[in-house]
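J.: Sharing a structure with you now.
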Amino acid sequence: MCSPSVMVGIRLLALTAPVLALQHTPSAAISSTRSHPVKPAAQPVLLALRSRQRTAAPLLTAAVATPEQPPQGATVSASIINLAKNIVGSGVLTLAAGVAAFSGSKLALIPSLAILLFLSGVSAYSFSSIARVGEAVGGTTYRDTWAKVFPPKTAILPAATVTIMTFTAGLAYSIIIGDSFASIASLAGLPPTLQRPNVWIVLVSTLVLFPLCLLRDLSSLAIGSVLGTAGTLYTALFMALRCIDGSYAPGGKFFSAIAPAVQPRFVPVTPATPVVNLSIFVLISMLATAFLAHYNAPKFYNELAPPKDGGSKVGRFNLVCGGAFGLAALLCGLIMSMGFLTFGAASQGLILNNYATKDTFAFLARMGIGASIIFSYPLNFAGFREGVLSMTGLGKFAHRRDLHIASTVLLMLSTNGLALFMKDLGLIAALGGAILGSALVYIFPALMFIANGRKALKAKADKGENANGLKAEVGANYALLVLGFFLAVVGAVMSLK
């Protein structure tokens with residue numbers, strides 16, 4: 001059996017995967033069959049439906065289908081909303097368990113919210129720095145920017161990181177799908193055979209996921225983005241309502257309808273149970289990657305309308321980053337707080353598991369999240385398949401029908417098949433999420449800024465220009481690099497406990 005922190009990790013990965021999946025779709029996978037078969041391409045296409053940029057690496061998938069931006073570009077307000085949607089995913093439903101991992105006192109929300117705000121700010125900065133470096137070197141995508149800062153061959157690092165994340169996300173999806181449908185079958189009183197997770201993994205994989213993963217045109221799955229966003233907002237409102245109306249407090253109408261293990265439990269602060277202890281790193285590990293949208297940084301920067309005076313877009317882009325990450329932090333903080341204030345130390349890895357099955361509002365939230373996962377799986381899988389084909393040198397043959405079918409079968413067997421027999425792979429999912437997520441959000445952006453910043457410092461020195469500000473920022477990125485490695489190590493250690 002996995003430890004509680006490991007199970008929190010796998011649920012976090014599974015539920016944040018829709019966010020990743022909504023950010024990066026090879027457009028060949030999205031639009032290739034609209035009027036003709038996919039043509040061989042020298043490079044797979046990166047990012048979402050709104051993007052037309054190309055990169056040498058396959059990335060994760062996207063479900064958000066938005067109208068073409070007008071030639072003048074996106075406004076600041078529109079970019080803030082779109083970026084906030086990219087950042088916030090169903091992974092916010094795990095954050096209350098992160099608080100419960102180190103304390104059962106309501107006072108624990110004070111350091112928890114402080115950490116959330118700090119890491120959201122750091123994530124906003126690293127998101128902005130990726131775009132700024134991209135503008136400086138002429139990079140139009142995350143990988144393209146990396147390849148122009150470092151030797152092009154090393155660009156396989158960010159590409160491989162994302163590909164591995166899509167694999168672990170697919171595995172987590174499969175496990176969650178099995179558990180979710182088995183629970184629904186149990187509530188519906190279906191035969192015992194249909195109450196087993198493995199049965200549902202096989203059924204859903206064969207009858208639903210496999211046909212969807214064979215599709216080359218994934219634009220029809222854009223509804224998954226709508227479901228995910230609407231479901232998250234709805235869940236936040238219903239959780240706030242249940243926290244305020246006391247339905248789950250002792251004596252409330254749903255208190256006796258849930259198992260004792262998930263009933264609200266709060267622990268007073270004593271010398272033996274301090275508010276802050278080493279287990280707070282469980283929450284830190286979760287929050288370290290709660291604001292992951294960084295592969296889309298160049299896309300959002302390129303789509304943003306420039307100032308009317310024709311100057312740099314950096315100032316406007318920083319407003320977008322601050323606004324979007326601020327909104328994301330607000331929603332994450334609200335859901336984390338409402339869940340923990342309702343259930344305290346009993347908060348489950350997926351907070352919806354705390355709510356009674358007879359609670360209609362909670363049932364609707366579960367259905368929405370489940371539907372979002374079903375729609376998001378093929379999008380995540382498209383990125384996984386494109387990544388594997390590119391890394392194995394088969395990307396140029398991706399248009400071939402036989403390779404498309406064979407790779408889909410083999411890769412689905414590698415993920416969904418493992419979910420049938422190796423339930424403890426939650427450890428790998430949690431471990432991979434902590435390390436790879438920290439690399440994408442903190443380590444890689446810091447490395448790119450430092451390398452480009454050192455070149456800029458040399459150029460300024462040759463011209464005799466003042467570079468104190470740039471020196472300070474390069475130093476700050478060294479600190480960000482250390483933070484990234486620290487969070488990766490802490491996440492790994494907490495996953496192994």
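Cβ coordinates come from backbone N, Cα and C, glycine included.
All annotation found in TrEMBL is predicted automatically rather than curated by experts.
Annotation source TrEMBL lists domain 'Amino acid transporter transmembrane' at 74-458. Per TrEMBL, signal peptide is recorded for 1-21. Annotation comment: TrEMBL describes 113-134, 155-177, 197-214, 221-241, 275-296, 317-341, 361-382, 403-422, 428-453, 474-496 as transmembrane segment.
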J.: Can you tell me which parts of the same chain pack against the transmembrane segment (428-453), counting only residues 6+ beyond its ends and a CB-CB cutoff under 8 A?
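T.: Same-chain contacts beyond the flanks: 5-6, 8-10, 12-14, 16, 122-123, 126-127, 129-130, 132-133, 136-137, 145-146, 149-150, 157-158, 161-162, 164-165, 168-169, 171-172, 285, 288-289, 291-292, 294-295, 470, 473-474, 477-478, 480-481, 483-485, 487-488, 490-492, 494-496.
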J.: Relative to the transmembrane segment (403-422), which of 155-177, 275-296, 361-382, 474-496 accounts for the most Cβ pairs at distances under 8 Å?
T.: 155-177
J.: Looking at 155-177, 275-296, 474-496, which one has the highest count of Cβ pairs under 8 angstroms to the transmembrane segment (361-382)?
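T.: Stretch with maximum Cβ contacts: 155-177.
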